[in-house]
Amino acid sequence: MTGNDALAEEQEHLGRLLDRLEELRKDTRARLDAVLRGTGGTPQARSERESFARLYSSELASFNAANLGLYFGRLDMEDGEVRRIGRVGLRDDDEDLTTLLLDWRADHSRPFYLATTARPEGAHRRRHLRTIGRRVIGVHDEFLTAPVDGDVPEDHDDVVGESALLEALDAARSGHMTDIVATIQREQDEIIRNPHSGVLVVQGGPGTGKTAVALHRAAYLLYNHRQRLDRSGVLIVGPNPRFLDYIARVLPSLGESGVVLRTLGDLYPGVRATGPESLRGEEVKGSEAMVDILRAAVRARQLAPADEVEVHVDGHRLVLEPATVRAARGRARMTRRPHNQARDAFATRITEALTEQYMAALTDPVGDAEDEAWAPRGDGLGDLGDPARPLLDAEDRAALRTEVEESVEVGEAIDEWWPVLRPERLLAELLSSRERITEAAGDYVAEDQEALFREDGYAFSVADVPLLDELAELLGDDPSEEGTEADRAWAEQVRQAEEALEILTGSAVQDIEDDLDPEVLMAYDVVDAESLARRHSADSDLTVADRAGADRTWAFGHVIVDEAQELSAMAWRTLMRRSPNRWMTLVGDVAQTSSPAGIDSWGDALSPYVDDRWVLCELTVNYRTPATVSAVAEALLAEIDPAATSPRPVRRGRHPVEWAEPDAASLVDLVVERVTAVSPERAVAVVVPEWTEYDDDNGVLSEDGHGTADGGRVNDSAASTGYPDLREAVERARPGTSVLPLALAKGLEFDVVVVIDPEQILGRSPQGLQDLYVGTTRATQELVLAQPGGFGPLLTEIRETLAGSREELTA
Ligand SMILES: Nc1ncnc2c1ncn2[C@@H]1O[C@H](COP(=O)(O)OP(=O)(O)OP(=O)(O)O)[C@@H](O)[C@H]1O
């Protein structure tokens with residue numbers, strides 16, 4: 001068969017597929033319209049209609065998305081079977097429902113991604129198709145076993161479909177990530193389809209496709225566990241809004257729209273964490289010790305008076321001794337319930353004590369009882385056995401108790417000693433008061449305490465979000481707030497689980513004023529995953545994504561975290577709460593950790609939650625940076641961790657790295673010259689060291705100089721002035737060019753990258769090397785390092801070594 005025959009054959013098939021897709025789309029649209037027109041009926045009928053509406057909408061979304069690049073691959077099997085692979089599965093409407101196209105996620109499609117000449121997986125030929133709209137513009141065949149009249153071509157190690165892959169990798173970047181369904185590589189496929197149902201860690205150097213793999217795994221899991229995940233949802237957590245925007249189109253392009261994308265900063269509903277944070281603050285707030293500090297901050301709000309306090313009930317003077325209040329507080333703490341829920345126990349003890357006194361006062365005409373300090377007595381009912389006193393019966397007692405309960409003075413006293421607390425307010429009041437900080441974090445050195453302090457307590461930063469989440473756990477809901485029926489049912493389940501736990505742990509001898517063991521089992525640990533899922537089945541017009549996004553305690557079916565190495569110990573706690581079933585995919589690179597509170601080792605981060613029950617997969621091939629550029633990164637990696645191996649670049653690269661040493665005055669001119677030399681369809685970024693003021697949504701300096709970013713920081717040292725002249729000049733010279741601080745470049749890529757002042761990046765201890773490593777690995781084509789005033793010793797050495805090896809190569 002000639003190349004033209006092959007084109008004609010595939011063209012015909014593509015035409016048929018597109019027609020069939022159109023038919024299905026019309027059909028589904030009509031069904032959806034019919035369902036949406038339906039009204040009334042029993043609750044069951046309504047609920048059925050809702051599920052059909054969801055089903056049809058999601059089918060329609062996937063048909064709409066599949067239109068572009070619908071058909072991209074074909075396998076000719078040894079036994080003569082032809083498998084055509086595309087974005088969705090399509091069947092003919094003939095009697096046999098003949099398969100016209102296999103979904104890329106179907107098992108039968110797998111050899112397309114795995115087959116090599118060494119392991120052909122039953123396939124004889126793999127064909128990659130290039131299409132534009134309705135036209136097939138090229139096919140590329142690879143023979144996996146010897147064709148009748150030819151040799152088996154040589155295998156290229158671990159790269160399959162090399163020409164299609166190289167073409168994809170060389171393509172200009174649009175500023176948005178695209179899917180890689182047509183060219184997924186073997187090691188990536190193994191992760192995407194990994195059957196492990198616990199924590200899967202994907203470790204890989206920059207550009208190895210971790211993000212791409214994570215997103216395709218989400219699509220794959222939704223395809224294979226549709227029922228389960230449709231109800232409980234999939235959460236993807238990325239480092240900042242700009243990164244989420246960068247990846248946002250991938251899942252919709254794969255027909256998946258129900259995934260919740262979030263940054264850590266918006267995981268706490270109702271709070272948009274855009275306040276600045278110092279590196280020191282980030283470190284202190286990220287450390288596990290914050291749990292104790294927050295606990296202490298809550299306990300500091302559970303008060304007892306220093307002296308006796310009088311309250312009046314129906315004109316009777318009653319007295320509360322400090323010991324009485326302390327004992328009530330101890331009892332309330334012993335319930336191990338969150339603060340707001342334990343308030344009942346506190347209030348009950350106080351009420352009981354006062355009722356007791358009240359009864360004594362009524363039955364003790366001399367009034368001795370008023371002067372007696374009440375102390376808790378075994379059964380809490382006191383001694384009513386004196387025959388000289390008139391007896392009050394149970395009914396009288398209940399009436400007196402109600403009077404006590406309803407007394408305004410008693411209510412105020414309880415509110416003062418055990419107030420209902422809300423996380424936002426408690427945290428804001430803690431962080432804006434040096435006294436409160438010292439009270440809760442007295443063991444910390446003064447500098448760390450100061451790092452916690454800020455004038456405006458409510459200017460929440462990303463590092464505060466896990467603290468709010470922790471406080472929400474410690475405090476529990478405000479009992480006066482009404483939830484939905486489903487929320488109440490859920491709360492009841494958790495309450496029962498808590499009670500069961502109390503029975504388990506309640507017998508332990510505890511000094512009631514002592515701190516409780518921080519690692520006690522939480523109620524969520526004993527509420528099984530199925531019950532969690534049932535909670536999610538509540539009828540609602542809202543999508544799962546909407547409901548899950550607005551609910552702090554939502555238990556996601558699967559949680560994916562990108563750049564997971566940046567998570568602090570406190571952030572891990574927050575995320576683990578979103579994933580009670582611990583079915584997670586965590587992708588990251590411990591050599592790229594730039595947060596001072598981030599992790600050095602996966603084991604250390606995960607062991608508190610899953611011990612050693614997690615699976616590590618590694619990605620070893622670098623698809624982004626060509627060898628010319630990755631040589632610099634490799635040298636930096638050797639400084640970060642001499643034992644680490646760099647991912648192997650797929651492409652050689654056409655442009656050597658440029659090491660520019662302009663004087664400060666000519667920096668802007670140099671950058672303008674470089675960016676304007678790049679053709680307009682290419683994406684260019686100018687990466688600058690951190691600056692104080694920037695607007696993360698756009699990745700540009702904020703005009704008013706006040707906004708900072710989700711994921712934004714301020715330097716501890718003298719605040720950097722930013723690069724307004726540079727930014728202005730670049731925007732004027734080449735509109736659309738990104739000028740962005742390093743923190744926001746994480747995870748992104750551009751065809752050409754100019755890194756400004758790498759020495760300043762390096763100097764930012766302790767993670768400067770990691771930061772520069774990240775900065776130098778963003779380029780898909782060209783890298784320029786621009787150092788005003790000249791490079792320091794390390795970079796000079798790297799530059800010379802690389803120049804030396806290039807000379808050797810050319811010699
Ligand atoms: N199999 C593939 N086919 C085509 N392109 C691919 C493939 N794998 C990865 N890429 C491309 O390589 C680039 C790097 O991928 P990705 O951003 O997922 O890497 P990463 O490991 O997350 O990098 P970083 O650690 O720097 O964030 C992207 O442009 C991605 O589309």
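Numbers here mean position along the shown chain, with the first residue as 1.
Including glycine, each Cβ sits where the backbone N, Cα and C put it.
The ATP binding site annotation in TrEMBL covers G204, G205, P206, G207, T208, G209, K210, T211. The annotation domain 'UvrD-like helicase ATP-binding' is assigned in TrEMBL to 183-626. TrEMBL lists 697-718 with the feature region 'Disordered'.
Counting every protein chain shown, the number of other Cβ atoms lying within 10 Å of the Cβ of T208 (ATP binding site) is 25. With respect to ligand 1, the binding-site residues G204, G205, G207, G209, K210, T211 contribute G204, G207, G209, K210, T211 as residues with a C-beta closer than 6 angstroms to one of its atoms, given in sequence order. Listed in sequence order, V202, G204, D562, V587, G588, D589, L619 are the same-chain residues six or more apart from K210 (ATP binding site) with CB atoms under 8 A from its CB. Other than the site residues G204, G205, P206, G207, T208, G209, K210, T211, same-chain residues with C-beta atoms no more than 8 angstroms from the centre of those residues' C-beta atoms, the ATP site, are D589, L619, N622, Y623, R624, P647. Of the binding-site residues G204, G205, P206, G205 has the largest number of other Cβ atoms within 10 Å of its own Cβ.
Taking Cβ-Cβ distances under 8 Å and a sequence separation of 6 or more, the neighbours of G209 (ATP binding site) in its chain are I180, Q185, Q188, L619, V621, Y623.
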